[in-house]
Amino acid sequence: MRSPQSILAIVAFATTAIAGVVPSTEKRADDIPELDVKLTQVEGTLVKAVVTNNGDEDLNILNLNFFKDTAPVKKVSVYSQGAEVPFAGVRLRHKTSGLSPEVFTHLGPGESFEDEFDVAFTADLSQGGRIVVKAEGFASTTDTDGDTLSGVVHYKSNELEIDVDGKAAAKNFASLNQFSKRTRLTGCTGSRGSAATRAIRDSAPLAAMAAGAARNGGRAFTQYFKTNDQQVRNLVAARFDAVAREASSTTSGRTTYYCDDPYGICSPNVLAYALPSRNIISNCPAYYSLSHLTWRCHGQDRVTTSIHEFTHTPGVFSPGTDDLAYGHQAATSLSTWEALNNADSFSLFANAVYLGC
């Protein structure tokens with residue numbers, strides 16, 4: 001999928017546009033988090049997070065792409081000398097329905113759970129020195145004993161300062177590099193290869209359609225991106241245009257796309273994942289249980305899942321998106337700034353454009 005077209009001009013536009021879209025002093029109605037996250041240093045770059053339900057209602061919290069996830073996902077942001085250290089782990093797209101009970105943690109009011117993880121595993125801290133670690137975002141929830149995501153809660157942590165031993169951190173980061181150098185698949189064959197190739201191929205016209213709809217603005221755009229501002233519309237359209245270019249070829253481009261999981265990341269609840277630092281995308285077995293294109297508004301399918309993953313990779317359009325919220329209800333609760341940085345906002349908007357939702 002290596003595209004011959006340079007995206008330097010787009011990158012420059014994106015950086016400038018994102019910086020000007022939302023004032024840094026923007027306030028949200030939900031500034032008080034339902035989940036409190038207490039970060040403490042265990043040893044070296046090993047960190048403990050204690051997640052507590054601050055509210056007065058029971059919560060059933062999804063652990064995928066959150067604390068307690070065993071995959072190398074982004075749980076915290078790491079800052080060095082005032083700048084965020086690039087995240088080098090994986091970004092997962094998981095199911096929004098049919099989820100297994102074991103991926104949820106139930107928290108009653110005042111109850112907590114703990115998680116320990118090494119921040120040097122997914123961030124290059126080899127330069128050493130003082131870093132600041134913090135977490136803020138949204139966690140997906142479902143009704144108690146449910147298997148379909150139905151809500152979202154805001155979480156926020158304290159700021160944790162750590163003095164890092166660069167040599168020790170480099171060894172931890174090297175373990176991720178070793179993890180990422182396992183034998184790769186040489187290609188896509190059989191029914192899965194055909195399904196993936198078709199989905200990638202059809203991602204191109206759908207992304208182009210979404211780009212046109214974004215430029216025109218309207219109800220669906222405002223629903224997902226919380227504004228009809230022309231600058232924001234152009235920025236969203238530019239990312240969709242880049243996805244359309246990347247998906248237009250399965251033999252050249254800026255990303256490497258695998259039909260199956262070469263790194264052992266997949267689980268029954270994960271559809272696909274991206275390794276943005278290497279511009280790698282991989283489907284999971286659950287991807288192939290999806291329909292090619294759904295006829296259900298806000299639903300998941302193979303084509304929009306591929307679009308979701310393409311938006312993560314900075315080789316397609318920089319900066320790549322994050323995973324801030326999953327599903328229609330959570331994605332439409334985001335601010336403009338957050339939606340511009342949320343992969344599911346793009347895939348759900350493409351679904352809305354295709355079906356006229």
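Glycine too: its Cβ is placed from the backbone N, Cα and C atoms.
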* The disulfide recorded in Swiss-Prot for Cys188 goes to which of Cys259, Cys266? -> Cys259
* Structure fact -> Of the candidates Cys266, Cys357, the one Swiss-Prot records in a disulfide with Cys284 is Cys266
* Where Cys188 (disulfide bond) and Glu309 (active site) are concerned, what is their Cα separation in Å, rounded? -> 17
* Nonlocal neighbours by CB distance (under 8 Å) for His308 (Zn(2+) binding site), same chain, sequence gap 6 or more -> Arg93, Ala272, Ala343, Asp344, Phe346, Ser347
* Cys188, Cys266 as disulfide-bonded residues, winner by CB count within 10 A -> Cys266
* Other CB atoms within 10 A, centred on Glu309 (active site) -> 31
* Asked: Beyond His308, His312, Asp323, what residues of that chain have CB atoms within 8 A of the centre of the Zn(2+) site's CB atoms?
  -> Arg91, Leu92, Arg93, Ala274, Glu309, Thr311, Thr321, Asp322, Asn342, Ala343, Asp344, Ser347
* Structure fact -> For Cys284 (disulfide bond), the nonlocal same-chain Cβ neighbours (under 8 Å, six or more residues apart) come out as Asp261, Ile265, Cys266, Ser267, Val270, Leu271, Ala272, Tyr273
